[in-house]
């Protein structure tokens, strides 16, 4: 059954955040309508037990959210703990195939781009360029990422949004006002918090929490870093594939530039077509191939060192960097844009961390990847010492003639593998940003049954392919693509440096000298590199900046619209006093069954519920407000998944449920499994509540009759419609075919029932309601900008955000609910 009712923004049915809400009207004076909140201030429904309608008890107040959240099974275990030696070896091959493909193919183009920007004038230039490359490899991939940044992971999750979630758990910096104290009791939140002894950390925490400007700046930095990761997902395949195919020019003199481009296009199509087969399968398949590639790099490097000039080992002396800049000045500075290409893929080690363990990434890089890369660059430099003219194709020219074609084949395979590194990182970042409310919901396919972080997003995959093809066809110059590559890579590197510095100050709480040294050295180094690539941005590499800006705007618009929508729904939520006035039958017929009303509110009674009451002729005998909430932790244990609390008195049979998921959680359950888990958690909550209140006398708790509200009063809906409250109650809706559903007010009127009997009656009521069926009540709350809003706000909300919301995946789609169990009501808010 589908009931759609959309409010026209031009009519009174649209709900302005500053206009009237649900009000009452007396029959004897129909003209006198007062805003209900003027006489009855809005009381949060979750705190209604503190109101005057509640009987005073001697026992403690039960906060079910807090009670449920106290049950912590223990710290999360890594997916990669307790695995055998054989599986560790397999994991190393998978790590090679997924994480290190990007940095592993950098020898294909680094020296070529550098020496096209700063031509060789002598062997001193070769030593200077080699020294630059060696120390860039040591400082950025090794020292910064392997030894520092990888330890800033969020329970095995890496990337800019993982850093953001880590900060959000230690300081209230999230702009979405849906945080609850109970969230801090999830076991994933149990991290080191600022202590009283470290005054600096407390001051930073306080400053962040009290400054809306700093919160916005932090979010903008995260969005900028994520957009650069996505830009990397476009430029990495283009650069890696095109540079490897360019090797044909060395072996085949007659090949033309257009033919190289067409072969590259074919390779890209193949690459993105096999992406759907998953990280584990593809990583295991291409891992040995990349292992052969690294061994080839090392072997060719050693061969060239022995055959040509082993004196290039002097480049480990950094004085040659000074000589290089002294000889070439401006050209040496230009060449920095090519030098940074040797470190491309460093961010992939962190962003792809969700696929593998920290230790496997560190050991593989230190003992295999880094030595092979250094030997490869040393060998190229040794060859160039005697062959200055071959600097334009330094790698393929340095390959021994007998090994050229096998090396070309393995280089192309390695390039295809390299392209996967940032593509998988892009998938991971988009999943994290979606879970934290910064990207529209998309279909996510989990490609591994064992490792939940291994995912595939079809829409993004084909989108990246389309943009990569346009990029290769429009900019076929290795220099221009390399410059775009440097812009994207350095952009995300700088954002990571800033966020890790904040993590050091706020969470790690280490010595300020170490923090400042990290920030000054690495941010300063990256700014120098960035100034070099920006100088050449007019050569065509500006296209990648445009792409990054577009992705940034998509995330910003979605976050801005979602925040406005949530704030408006908070303002429009129904008062708990209004629920009491309606009575336990909600002013309508209570029909057998359970209604799961989906809404984003984590506290209060959603205004869309009033829309259901005025739209439907009956409402279910049990109502559960379900909020799917993503919290800034990677994984929420199943025992901490559902939190319950009563809404109004027991006779109303209305509950609130918050289903909490981490941004790394897999939501694969169908609607039947979800219902089963939810009902089990509800029964568990009710039993615990009965145990906690077993010493209290609550026989008269809900015995107040609601008859006084069912007589002469009428309900005025927000759209102006008038509805009488004098409608049949559930007591009047009795049939012999449904004997199990008694009047909802009758089960608590007998003061002699003991606690155990009352508990069993309520559990029986819940089970019978479950047997009668579960219906999903979905409220689509859309927003429109008010007429007096700024033009830019109207443009963003009415067009951009509306377009994204219309084309994104609905949240209910994850549960695969059949249409026969689904009921939808639409509502438009003016913001």
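Cβ coordinates come from backbone N, Cα and C, glycine included.
According to TrEMBL, the domain 'K+ potassium transporter integral membrane' annotation covers 91-577.
According to TrEMBL, the domain 'K+ potassium transporter C-terminal' annotation covers 592-829. Summed and averaged per residue, pLDDT over the domain 'K+ potassium transporter C-terminal' (592-829) gives 73.
Per TrEMBL, the feature region 'Disordered' maps to 1-27.
According to TrEMBL, the transmembrane segment annotation covers 89-109 (among others).
The transmembrane segment feature in TrEMBL is assigned to 129-152 (among others). Residues 103, 110-111, 114-115, 118, 158, 163, 166, 312, 315-318, 320-321, 324, 335-336, 339-340, 342-343, 345-347, 349-350, 353, 358, 361-362, 365-366, 370, 373-374, 377-378, 381, 493, 496-497, 499-500, 503, 518, 521-522, 525 of the same chain lie 6+ residues outside the transmembrane segment (129-152) yet bring a C-beta within less than 8 angstroms of a C-beta in it.
Here TrEMBL flags 217-240 (among others) as transmembrane segment.
Within its own chain, the transmembrane segment (284-306) is flanked in space by residues 90, 92-97, 100-101, 104-105, 107, 312-313, 368-369, 371-380, 382-383, 398-400, 403, 407, 410-411, 413-414, 416-417, 420, which lie at least six positions past its ends and keep a Cβ under 8 Å from the stretch. Annotation source TrEMBL lists transmembrane segment at 284-306 (among others).
If you look at the transmembrane segment (363-383), the same-chain residues 6 or more away from its ends with a CB under 8 A from one of its CBs are 92, 95-96, 99-100, 103-104, 106-107, 110-111, 126-127, 129-130, 133-134, 137, 141-142, 146, 291, 294-295, 297-298, 300-305, 307-310, 312-313, 315, 342, 349, 390, 394-395, 397-398. According to TrEMBL, the feature transmembrane segment maps to 363-383 (among others).
Within its own chain, the transmembrane segment (403-422) has Cβ neighbours under 8 Å at 97-102, 104-105, 108, 229, 232-233, 236-237, 240-241, 243-245, 247-248, 250-251, 267-268, 270-271, 275, 282, 286, 289-290, 292-293, 296, 300, 345, 347-348, 351-352, 395-396, counting only residues six or more beyond its boundaries. The feature transmembrane segment is assigned by TrEMBL to 403-422 (among others).
If one looks beyond the transmembrane segment (455-478) by at least 6 residues along the same chain, the residues whose Cβ comes under 8 Å of a Cβ in the stretch are 109, 112-113, 233-235, 237-239, 241-243, 246, 257, 260-261, 264-265, 268-269, 272, 275-276, 278, 423, 426-428, 430-431, 442-447, 484, 539-541, 543-544, 547. What TrEMBL lists as transmembrane segment is 455-478 (among others).
Among the features that TrEMBL reports, transmembrane segment is placed at 484-507 (among others).
Among the features that TrEMBL reports, transmembrane segment is placed at 514-535 (among others).
Taken from TrEMBL, the feature transmembrane segment covers 541-561 (among others). With a cut-off of 8 Å between Cβ atoms, the residues of this chain six or more beyond the transmembrane segment (541-561) that come close are 175, 219-220, 223-224, 226-228, 230-231, 234-235, 433, 437-440, 467, 471, 474-475, 480-481, 483-485, 487-488, 491, 533, 783, 796-797, 800-801, 804-805.
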